């Protein structure tokens, strides 16, 4: 059978919070079967927040969670890494309200999980299987999921910027055949430097810098080291989508398609999916009857 996964040992990391600009300490701790991904805020009495769509409260520029007044911001890159490596059960301790931004991609979190090691557990892994097409729209933006044997993301973005358009704004990734670790994990978040400077004057985005984002001028990329991928912009948006989808609580089996999507539309899609239980099912699989194994290479090489 395909089994649930946790990490083998506790592992720690430290980084800057994108909102506060302060140092955030994070610890990943192994968890038992069916525990799920849960955040624990050590700075507010060890309060817990489950990583699930039901607790999403923030969708502007990033995805944040809240439970009984306790918030955890900017979870999408960490959730994307957990999804890519099939981590079902882990406790994430934080001493702040936000996950550290690290370098603006999910690669540091992938490295962190791999450093801890991955432990297969004794219980069947649960998959979120899409059985019908579910679509949401907001203006000319739209997102949908449909039935698919495996996991695939097809996305088109539309940014009025020379470098973004030159890089390629359309991409489809079939994760049964293409490696998340190689093709997606190193893609960084991006934005206009003038917008960051304006927000910082308002005491916002205090941790944002060229160390954790691709900074854009009106017509160029300002980072001295340039781009990590030729089409890094659309790849980062796919990284975000993988993280947002993992807030369904299980790895998705289906095809996500979108145009000009963001965290808001992803949240609307997840809420719509969960409100239509006849369009999906939670399933377990034996090795020989599973759908085309998404993340197959990444999962096997990570054990």
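For all residues, glycine too, the Cβ spot is worked out from N, Cα and C.
Listed in Swiss-Prot:
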type     : residues     : note
ACT_SITE : 263          : active site, proton donor
BINDING  : 77, 236, 240 : Zn(2+) binding site
Looking at Cβ-Cβ distances, which residues of the chain lie under 8 angstroms from residue 263 (active site, proton donor) while being 6 or more apart from it? 59, 60, 61, 62, 63, 76, 240, 244
Specify all same-chain residues, apart from the site residues 77, 236, 240, whose Cβ lies within 8 angstroms of the center of the Cβ atoms of the Zn(2+) site, ordered by sequence. 76, 80, 104, 105, 106, 187, 188, 189, 237, 238, 239, 243
For residue 77 (Zn(2+) binding site), the nonlocal same-chain Cβ neighbours (under 8 Å, six or more residues apart) come out as 99, 101, 102, 104, 105, 106, 109, 189, 239, 240, 243
Tell me the Cβ neighbour count for residue 236 (Zn(2+) binding site), meaning other Cβ atoms within 10 Å of its Cβ, over all protein chains shown. 26
Surrounding CB atoms that lie within 10 Å of the CB of residue 240 (Zn(2+) binding site), all protein chains: 24
